[in-house]
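For reference, the structure discussed in these notes is given below.
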């Protein structure tokens, strides 16, 4: 187990390094610079600014400086808002984005699994058809379309919920709903088909022959096995939810990390782009690692470590 | 005479499919006495397993349903019990062992957990007591190091070991009736013999009645007290082991016995039964074996034969038993 974790950790660092390098060079390929604006600046001032941020140095030198900032975890001040460091931006934005993300994942998982299980138990009944119709709609509608529709209907027309910002639980409802519907639909469909297959297994018949209650048969015997494919897809879904937060945060004017990320790119605010990208990728890679660990807990046949002996 | 523990009377079970109604079981009559082993034999698809599942109330409904008849366990008609009451009988009074031990155990739960959960569902026992009882059961079925094995998962056991665990699981609540649906089919021959010996041992120690469903006559010859031969959803002949093996009456029973190699048989060829069992979507009128029967008469395809009682234990459904057919039978058999 320990060797596995250490090995995975090394892979994780390599992955983040590759992402960071690609980001750096791609970022420098984008035309324009932070000081390239419509109003003309004094050439001397421009040069001074560039020198201050090492933008006049050769790319190789900038790259080394950039790697140094990653290793020391200090991305320096933002170029556009010089009074703020990137670390401070991340520190402010991350808790909000994390809150949005965690609620989304929780709601998508719980409602998706519940919907899938009910659909499977009521296979080919009205409940099944209804659940799967919801699921197909959820998969088909992009989250930004759903988000604007929700704002239009629930916030503007009916005035039930606030349309934007992030200051109370009521403010969270619409963004979380918009972001969670897609993953929920995918999880529901997957759980349903996996559950249907599991319910035909012999060990379910064995469990019934023991006289266990339906609840025990479904939760203890069927669900644990049926959730394996859901765990497999969680990695991809997490990546989807993460990129989804960029759009959703923008639409709902949520002051999370996604907002800084998008603004950073638009304004060529190099330290902000670098900081957010490295942070996002490190976070995602770590989540994928957690998903792999979760496997081992669900299915004893999957061994995370290599140990000789009985099989 | 010993008491009847199970009486199946005129049982009809059908499955509704897109293609129509499949009449899997068409009027089965079976009795089981306390402490005996009854073997139910027949080809695939003759209704053996469906009959067994119906005793447990495990017919998937829909598509299956019991159309007619009764299953009385110790006098109580089980076809009329509620789901909840049925759950109290399953695994407690009647247990079932399934064919394939490789898939009958849940791969994600420990063996100990699966052994004790039935006990903990039905009896008021602490985890410790349940564990102790499970260890006793594992000892009974011959699994070494039971304490350690309890914490392991099914994938850490071989096929034979898993079948022992399945048997231990079925016996842990001390049932009065054990239904074994082809318990040795998926095992290799040496393990088969061990498992059959285990059945024998368990029956001697616990006095449990066993219904053994199989198509393997070798298994039947070893363990059965009485034998019921099923064909196309009906029981065509019942008798003691001796009666079935030495005085088989029904042409189908004879056919089954002829298609199995015997040690005292020198140089003779095995004679298979030609053809296949009838389609149960539209079972033929009369005796379903007519089309494959070497001794078929005109009456066979028209009217199902009445049951002829040859001895207290031996009954057969065949027109050849009728006085009027004796002459015909003699010409066929010579």
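Every residue number used here counts from 1 along the chain in the order it is shown.
From the backbone N, Cα and C atoms, a Cβ is placed for every residue, glycine too.
The transmembrane segment annotation in TrEMBL covers A:9-30 (among others).
Per TrEMBL, domain 'ABC transmembrane type-1' is recorded for A:94-295.
Annotation source TrEMBL lists transmembrane segment at A:100-121 (among others).
What TrEMBL lists as transmembrane segment is A:133-152 (among others).
Under the heading transmembrane segment, TrEMBL lists A:172-191 (among others).
Annotation comment: TrEMBL describes A:226-248 (among others) as transmembrane segment. Within the same chain, residues 97, 100-101, 104-105, 108-109, 112-113, 117, 120, 143-144, 147, 175, 178-179, 182-183, 186-187, 190-191, 194-195, 197-198, 254, 256-258, 261-262, 280, 283-284, 287-288, 291, 294-295, 298-299 sit at least 6 positions outside the transmembrane segment (A:226-248) and bring their C-beta atoms closer than 8 Å to a C-beta of that stretch.
Remote same-chain partners of the transmembrane segment (A:278-298), defined as residues 6 or more beyond its termini with a Cβ less than 8 Å from a stretch Cβ, comprise 8, 12, 15-16, 19-20, 23, 70, 90, 94, 224, 227-228, 231, 234-235, 238-239, 242, 257, 261, 304. Positions annotated as transmembrane segment by TrEMBL: A:278-298 (among others).
Only sequence-distant pairs (6 or more apart) were considered; of these, fewer than three Cβ pairs between the transmembrane segment (A:172-191) and the transmembrane segment (A:9-30) are under 8 A, so the stretches are not in contact.
Sequence-remote contacts of a segment are chain residues at least 6 beyond its ends whose Cβ falls under 8 Å from one of its Cβ atoms, and for the transmembrane segment (A:9-30) they are 59, 62-63, 66-67, 70, 265, 268, 270, 273-274, 277-278, 281-282, 285-286, 289. Residues 115, 163-164, 174-175, 177-179, 181-182, 184-186, 188-189, 192, 244, 247-248, 251-252 of the same chain, all 6+ positions outside the transmembrane segment (A:133-152), place their C-beta atoms under 8 angstroms from a C-beta of that stretch.
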